[in-house]
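Structure, as structure tokens:
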């Protein structure tokens, strides 16, 4: 039953529509949970599909906090900025 769904995820380029997302938070019942995938481009669709497959196949329904939207990338700060730039430049040579 579609109306029984209490968890909604938005991903892909559509997830960038802040006005629509706000409207959903106002119009949906308060017991509906909305999650907006932070990879707000069409790669978010693939990430969502991979997450769904993982949870379905592994039967692991553990909720994990997203601590960093750049999980696949190095964390950049002033201390390692130049080092990371040099790594990228050496790969492009």
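The backbone N, Cα and C atoms fix where each Cβ goes, and this holds for glycine too.
Note that the structure is predicted; figures quoted are calculated from it, not measured.
Here is what TrEMBL records for this protein:
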- 5-50: domain 'Carbamoyltransferase' (DOMAIN)
- [ ] Would you mind splitting the domain 'Carbamoyltransferase' (5-50) into helix, strand and coil residue counts from DSSP?
- [x] 22 helix, 8 strand, 16 coil
TODO: Quick one: average pLDDT across the domain 'Carbamoyltransferase' (5-50), no decimals.
DONE: 82
